[in-house]
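Peer 1: To start, I am sharing the structure in question, which I have written as structure tokens.
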Amino acid sequence: MAVQACALSLRLGLWMSLLLPVLPGAGARAAGARWSGEGTTPHLQSIFLGRCAEYTTLLSLEPGNKNCTAIWEAFKVVLDKDPCSVLPSDYDLFINLSRHAIPRDKSLFWENNHLLVMSYAENTRRLMPLCDVLYGKVGDFLSWCRQENASGLDYQSCPTAEDCENNAVDAYWKSASMQYSRDSSGVINVMLNGSEPKGAYPTKGFFADFEIPYLQKDKITRIEIWVMHEVGGPHVESCGEGSVKILEDRLEALGFQHSCINDYPPVKFLMCVDHSTHPDCAMNSASASMWRESPALHAIGDISLIISLLVALASSSQA
């Protein structure tokens, strides 16, 4: 996955606007800011605890087994550390307290398509990407760090990988990514962006460096790669090309059974809901061929999605 992240829709934009009030100077790098990243998210503790409470009450697979206050206390230890001296291991207790089982066949890894992943996963109803497990949910889209030479939080800016390797947010996602990989099992889904100019599979990215190495081969049936191309966007890479071929070769060398499909239809249909008249969204023989070649497409959950999306597309075209 990329650093922060699980590009939802209008609902996400509304949710974020309600959840992340903008303070003067927040959201853009202020003049004279020490670091290149956004500063600590206003009301960090309240947002963290609110997300935790919502998850454990409404979504958790293990209701009643998580203490959100204890999880916050374990997390906030890093807020007392130098902003460039935070290690993944500093989140160990936080991960241990917030960790829970990931349903078999429900893991979804990704690069460069955070919001599409969130939209398709549908709040754990369809799949469960890292940003939909508890230890990923509480920090998603947030930023945090201590001031460089003081004890308070830095609301002006926080370091990113451009500033220093051991920054608080990257360390968090490294730790979460490693645990997510260890806990994933069955069929592993990977969504890549085939329209990304730098390539669909970053060979130096979170998926490459902190997720693939921690997959437990004895727990995994196969890995399915979905290379999605943006509606109206370029086809920079597809299955068997460029960095995708590098990924396929790596999985082969590691002994994983794997397959790759371009523009996995259920996800493509979702992308086309807002672009129903675009040529990229026309149902054609190529789409039908991809459908026939992928047995997984006949799962009940995907069929229900496709039916609902086809209805939406038909309604849009008649409007």
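Glycine is treated like the rest: Cβ placed from N, Cα and C.
What you see is a predicted model, and the numbers here were worked out from it, not measured in a lab.
From Swiss-Prot, for reference:
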type: BINDING; residues: TRP110, TRP173, GLU211; note: NAD(+) binding site
type: BINDING; residues: TRP110; note: nicotinamide binding site
type: DISULFID; residues: CYS52-CYS68; note: disulfide bond
type: DISULFID; residues: CYS84-CYS164; note: disulfide bond
type: DISULFID; residues: CYS145-CYS158; note: disulfide bond
type: DISULFID; residues: CYS239-CYS260; note: disulfide bond
type: DISULFID; residues: CYS272-CYS281; note: disulfide bond
type: CARBOHYD; residues: ASN67; note: N-linked glycosylation site
type: CARBOHYD; residues: ASN96; note: N-linked glycosylation site
type: CARBOHYD; residues: ASN149; note: N-linked glycosylation site
type: CARBOHYD; residues: ASN193; note: N-linked glycosylation site
type: LIPID; residues: SER294; note: GPI-anchor amidated serine
type: SIGNAL; residues: 1-33; note: signal peptide
Peer 1: Per DSSP, to which secondary structure element type does CYS239 (disulfide bond) belong, with helix, strand and coil as the options?
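Peer 2: DSSP assigns CYS239 (disulfide bond) to coil.
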Peer 1: Out of ASN67, ASN96, ASN193, which has the highest number of nearby Cβ atoms, where nearby means within 10 Å of its Cβ, if these are the glycosylation sites?
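Peer 2: The largest 10 Å Cβ neighbour count belongs to ASN193.
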Peer 1: Between ASN193 (N-linked glycosylation site) and TRP173 (NAD(+) binding site), what is the CA-CA distance rounded to a whole number of Å?
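Peer 2: About 20 Å separates the two Cα atoms.
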Peer 1: Looking only at CYS68, CYS84, CYS145, CYS260, CYS281, which of these disulfide-bonded residues has the biggest number of Cβ atoms within 10 Å around its Cβ?
Peer 2: CYS145
Peer 1: Sorry to bug you, but what's the C-alpha spacing from GLU211 (NAD(+) binding site) to ASN67 (N-linked glycosylation site), rounded to the closest Å?
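Peer 2: Computed Cα spacing between ASN67 (N-linked glycosylation site) and GLU211 (NAD(+) binding site) is 27 Å.
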Peer 1: Would you give the longest CA-CA distance, in whole angstrom, between residues of TRP110, TRP173, GLU211, the set recorded as binding NAD(+)?
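Peer 2: Per the listed residues, the maximum Cα distance equals 13 Å.
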Peer 1: Do you know offhand how many angstrom separate CYS272 (disulfide bond) and CYS52 (disulfide bond) by C-alpha?
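Peer 2: Approximately 33 Å lies between the Cα of CYS272 (disulfide bond) and that of CYS52 (disulfide bond).
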Peer 1: Please determine which of the disulfide-bonded residues listed here (CYS52, CYS164, CYS272) has the lowest count of neighbouring CB atoms within 10 Å.
Peer 2: CYS164
Peer 1: Consider the binding-site residues TRP110, TRP173, GLU211 and say which one has the Cα lying nearest the Cα of CYS164 (disulfide bond).
Peer 2: TRP173
Peer 1: Should CYS84 (disulfide bond) be counted as helix, strand, or coil on the basis of DSSP?
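Peer 2: Once the DSSP labels are grouped into three classes, CYS84 (disulfide bond) ends up as coil.
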Peer 1: Through the lens of DSSP with three states only, how would you label TRP110 (NAD(+) binding site)?
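Peer 2: TRP110 (NAD(+) binding site) sits in a strand per DSSP.
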Peer 1: Ten-angstrom check, please: count other Cβ atoms within 10 Å of the Cβ of CYS158 (disulfide bond), all chains counted.
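Peer 2: So the number of other Cβ atoms within 10 Å of CYS158 (disulfide bond) is 26.
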Peer 1: Using only C-alpha positions, which one of CYS52, CYS239, CYS281 is spatially nearest GLU211 (NAD(+) binding site)? These are the disulfide-bonded residues in the record.
Peer 2: CYS239
Peer 1: Rounded to a whole angstrom, what is the C-alpha distance between CYS260 (disulfide bond) and TRP110 (NAD(+) binding site)?
Peer 2: 14
